[in-house]
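Listed in TrEMBL for this protein:
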DOMAIN    84-107  domain 'Glucose-methanol-choline oxidoreductase N-terminal'
BINDING   229  FAD binding site
DOMAIN    269-283  domain 'Glucose-methanol-choline oxidoreductase N-terminal'
């Protein structure tokens, strides 16, 4: 392959794939996109198969993080941090929620010095990306959606009864149904809705499928997979430092370099981008020299100010309401029913002599996945993370909604509890075998403060590029976050009590915590008990941001301070985390970054909106 390009982009994820596709619209511009992973597997398209992509080294970086003030119940004390390692990045690994955030999030960015990043100024880039498919169940405000963009945004079909019931219950406690990506989002009392998801025709619409796949045949776009980028190549000429390319290691273990004539753009995400800057000698001098990395540019903000969302699962037994894990597995086809998780043999060659009940189950699973394949309908058409409410707790952060409550219309399998969450079911449930019986219905309500004050960091554990970074979340480091979490948990319980038909009953209270707090069954849990549940069992929502934020590390045009020809464009540049799921904002950053680069260097895009 050639080794010199106009633009070298590192990371083919939520922002990087967007930028590569947009810049390569100009046939006179040569773009090289480097990705550590490979093409997504076929299961990536199936929304309900999302959990199978996590904790798999083929598609997930499988980072670990120190949770700080939570995680007491975690096996090993480390929280798993899933990050997409494939074309499409985390947009191929996430739960597909399409949430822009609150307008006040972006207006506060602009007020803090991020010129050009107010809500009015970023909205055109959201619209440019979005290909909204309306459905009457969404109560959408069509004027605030994009209808011709590449990213499919829709609601699952058919809509599950339990998800509609969540929206109804949230309305009963004051969060009325509306479009959370529209004007209804600014109502301080809140808004509830079915989730708008990055899906089209029942299939995941990652940035790989939406942007990159249609552009792959362009002669001016080179996509290199299996490329572990080790550092940005920096040259110093007096006081001027310039990025000239990147060094990477191929999947075969050979070392290669690719050179840029114009810019390097880091799009490796809120974990990967600061890690690469630090490996390249850009960061706090003392930190770099302590692990043997020579400091090229002393930039202390790199890797600091890590923000993330945290939710505490409230589990409810819900026979007749939630979808059983057996039904979900059946919807994914026969392979989801195979040993060790299911009743079918591990080897399909052994299916020839199945007893009649198993043969019938296999046939039904084949029918269901076939229906999804041909129509895009069925349980397979969403992650089952299907409904949500946003509101303000009144505990601060008046510029935005500081609370989100999500709804999952099924439970978690034992393999997810143990392999992904690293939480032992034997500690959480009094009778885990009974509660996790795959033929029983469950639902999960997920209280989630979305304006955390606590900040973590990403730092170097080693100068070896193949070694993962040190991730410290410092959850609950600020007592404010504890107060908000308890408040949101209590509001989530109000929703469960307002459930149509008489409420959901009591959530699972882990027996050891019930005993420690003297909790009596069906009694109102104390604030201390709710806090203890969060400290033991709260989990990351996979929304890391702000580790290369505008102001400290990059300017509003996303150029790294003190270095020419180097930008960062991904969730790491957010001055503060948005009040909701972060993927839509990351794609918006990709769209805006592509236009900033094009404007600065005369690249001809098909459409310019800014």
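The chain as shown is numbered from 1 upward.
Any Cβ shown, glycine's included, is placed from N, Cα and C.
Unlike curated records, TrEMBL annotations are generated automatically.
Just so it is clear, the model here is predicted, and its values are computed rather than measured.
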Margin query: Can you work out which residues elsewhere in the same chain, 6+ from the ends of the domain 'Glucose-methanol-choline oxidoreductase N-terminal' (269-283), have a Cβ less than 8 Å from its Cβ atoms?
Written below: 10-11, 13-14, 61, 63, 81, 83, 89-90, 229-232, 234, 293-300, 302-303, 306, 458-460, 463, 465, 469, 471, 544-548, 553, 560, 563, 568, 570-572
Checklist line | Confidence summary for the domain 'Glucose-methanol-choline oxidoreductase N-terminal' (84-107), mean pLDDT rounded | finding: 98
Next item on the list: Would you count the other CB atoms within 10 A of the CB of the residue listed as 'FAD binding site', including those on all shown protein chains?
Entry: 26
Checklist line | Tally of DSSP helical, extended and coil residues in the domain 'Glucose-methanol-choline oxidoreductase N-terminal' (269-283) | finding: 11 helix, 2 strand, 2 coil
Margin query: Is it possible to list how many residues within the domain 'Glucose-methanol-choline oxidoreductase N-terminal' (84-107) are helical, extended or coil according to DSSP?
Written below: 9 helix, 3 strand, 12 coil
